[in-house]
Amino acid sequence: MCEDLTVGSPSAVEVKNSTADGKKYITSEELQKHNKANDLWISIQGKVYNVTEWAKIHPGGDIPLMNLAGQDVTDAFIAFHPGSAWQHLNKLFTGYHLKDYQVSEVSKDYRKLASEFAKAGMFEKKGHGVIYSLCFVSLLLSACVYGVLYSTSFWVHMMAGAVLGLAWMQIAYLGHDAGHYQMMATRGWNKFAGIFIGNCITGISIAWWKWTHNAHHIACNSLDYDPDLQHLPMLAVSNKLFNSLTSVFYGRQLTFDPLARFFVSYQHYSYYPIMCVARVNLYLQTLLLLISKRRIPDRGLNILGTLVFWTWFPLLVSCLPNWPERVAFVLVSFCVTGIQHVQFTLNHFAANVYVGPPTGNDWFEKQTNGTIDISCSSYMDWFFGGLQFQLEHHLFPRLPRCHLRSISPIVRELCKKHNLPYTSLSFYDANVTTLKTLRTAALQARDLTNPAPQNLLWEAFNTHG
């Protein structure tokens, strides 16, 4: 066994692990030692790479690499990178191969499927959805501005607010597309689109979105690694959060104090009201990131874009005749957009959860356990932005949304083959299941000191994860 695998002194390892085929090998146990920011190695298809310096400039941020440090990350690499990314790995190769590298049957099928999609050109065929969406959003924004400026009717103004909220929903889907794959003709235009429709039109930084969303995809439904499940003191999807876990993502404790216990105890009642104003939290998170000392790609452009939003939006609101209408307009727009926040939480809140870091050798399994699809007719695809196929999106995040419905039966069959869950619920049933999950945790929070028998019975039937 290798005793010393530091970056600066690999010679002893080379001697101990060299074989007759001329290759140098290390074991998975030895690879796991390289899991720190200043010594970060990963394996892809059995070849070991030193990504210590690369993590500092990695387009997807350092968190995905840190979360999977010291592991084989082949499936995650395939999911997030185009074929052209493989050529950049050679300069990071340590010279070592993974001695005990193995591929599970699930991973073999997953990689085969990804290869077939790539050969069919599905990752490049984006359809005309972007053009249609941009035209639709332009129409909605124009209708909103017209309603505010050229009508004196209170109800027209409220309708304009609702239309603005609907436009923000559609823009969020476009921003999501731009963040996951190149939806525009060039990378430069794609970056411009992300900042324009994200920062300028919605006020939510595309840099913040990438920072949190990449971490969410890598650590799907990990209570201490996935920021999309870390909503204390307001919400808790599992009683495991009552242990005041430390958020690896935020680098702080998720304290479950008396205030959090109070809010969580009533979260099945407060869930929808919270979703109605959840946008305020996104504005706050954007501000906190942009003023932080954290390395942020294109910080200046993100700040400029956010300032554009906080110029046009207050000006539009100020054109309304009085303060009651202005407040109502903002609330209506937020409430409509809150539907999207509900959509996002339905995909994960009621799915299985776990504590601890993600692992690279069960990529497919983690995605199937941590996601819930929303079943709907094809004519409603525009409303969900393709994200009703949440598992399909998590498995193939670079796949344009126009293909997600067509691959759904294939993914379902693959899950069936390997006896893995494929959960698909109607919008109504997903809401009911999510509320049951929140209610279960709420009752557990109330009964930490003196559990009632009837509540224990409820918990026995509804506890998940």
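Cβ coordinates are placed from backbone N, Cα and C, and glycine is handled just like the others.
Model, not experiment: these values are computed from the prediction.
Among the features that TrEMBL reports, domain 'Cytochrome b5 heme-binding' is placed at 23-107.
Same-chain neighbours of the transmembrane segment (129-149): 156-157, 159-161, 163-164, 166-167, 170-171, 173-174, 177, 183-184, 197, 201, 316, 319-320, 329, 382, 400-402, counting only residues six or more beyond its ends whose CB sits under 8 Å from a CB of the stretch. Taken from TrEMBL, the feature transmembrane segment covers 129-149 (among others).
Feature annotation from TrEMBL assigns transmembrane segment to 155-176 (among others).
Within the chain carrying the transmembrane segment (188-209), a Cβ under 8 angstroms from the stretch's Cβ atoms is held by residues 137, 141, 167-168, 171-172, 174-176, 178-179, 182, 282-283, 285-286, 289-290, 296-299, 301-302, 304-306, 308-310, 313, all 6 or more beyond its ends. According to TrEMBL, the transmembrane segment annotation covers 188-209 (among others).
Annotation comment: TrEMBL describes 271-291 (among others) as transmembrane segment. If one looks beyond the transmembrane segment (271-291) by at least 6 residues along the same chain, the residues whose Cβ comes under 8 Å of a Cβ in the stretch are 203-205, 207-208, 211-212, 234-235, 299, 302-303, 306, 331, 334-335, 337-339, 341-342, 345, 434-435, 438.
Annotation comment: TrEMBL describes 303-323 (among others) as transmembrane segment.
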